[in-house]
């Protein structure tokens, strides 16, 4: 109960704050609240995951504090929307990328998810991403477009490639999350509202997938093949949700991608839009494999 309340509190503080210190406090409360949830199952993997999570998040929070202090030092402003100093902008982008798990700071994310239970994975993949994305949203006018675009395309590429050879479903979902973050950050500067739209739809579909996996008690691809003999209707929903997450038209997950491609083309960034679209095909491949395993393959 304490952990859950603290999670809500930390998230609320960060997303409603106007002052950098308050945003930092909210992020810290969040980190400390989820640590007991990760290490709850007494298992070496869980302890390892919580240690990795703690170290990365602590480093990211320190960077965030440092960037806001540098900004305050040069401009005398502690207001979140008044991020003017270029050095602070780069530091803040780095800090939030570490918090979110964007490439090249993604290493901790699949490891932590692999060591957590399904419910905690759900929190890590959705709730814990909300405060950093909100900070990105608030500071979007002053961020560096080149840096963000590079990280976004790298995330989409790596999320697709690394997801291909995984058999652990939690790791596949971790890489899918990294790929989706790429889509969210590429459009951040040009249309921040689209970033939020993409994030909300991602949250809804991922939550559905995690809940289904939790119900069928599935952790690996091989156990997923027996899932449909237990609950056929649920497996059908699972398949549709996976394909929606892959962004396959005419499902809901295609909507944010369509709008993002449209916006990028309007901004004259056709090459970038083409690149990230082609990279999302890699993701589509492993979502299809998951859907195929869950619905068409019969055990043994």
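Glycine residues also receive a Cβ, built from the backbone N, Cα and C atoms like all the rest.
Here TrEMBL flags 17-282 as domain 'NADH:quinone oxidoreductase/Mrp antiporter transmembrane'.
The transmembrane segment annotation in TrEMBL covers 20-39 (among others). Within its own chain, the transmembrane segment (20-39) has Cβ neighbours under 8 Å at 2-4, 6-7, 9-14, 46-47, 49-50, 53-54, 57-58, 61, 64-65, 68-69, 71-72, 78-80, 99, 112, 115-116, 119-120, 123-124, 128, 131-132, 135, counting only residues six or more beyond its boundaries.
Per TrEMBL, the feature transmembrane segment maps to 51-70 (among others).
What TrEMBL records for 90-109 (among others) is transmembrane segment.
Here TrEMBL flags 146-165 (among others) as transmembrane segment.
The transmembrane segment annotation in TrEMBL covers 172-191 (among others). Listed by sequence, the residues of this chain that lie at least six past the ends of the transmembrane segment (172-191) yet keep a Cβ under 8 A from its Cβ atoms are 100-103, 106, 109-110, 113-114, 121, 125, 129, 133, 136-137, 140-141, 143, 145, 148-149, 151-160, 162-163, 166, 198-199, 202, 206, 209-210, 245, 256-257, 260, 263-264, 267, 272, 276, 279-280, 282-283, 286-287, 290.
Sequence-distant neighbours of the transmembrane segment (197-215) (same chain, 6+ residues past either end, Cβ-Cβ under 8 Å): 118-119, 121-122, 125-126, 129-130, 133, 169, 173, 176-177, 180, 183-184, 187, 231, 234, 237-238, 241-242, 244-245, 252-253, 255-257, 259-260. According to TrEMBL, the feature transmembrane segment maps to 197-215 (among others).
The transmembrane segment feature in TrEMBL is assigned to 227-248 (among others).
For 268-288 (among others), the entry in TrEMBL reads transmembrane segment.
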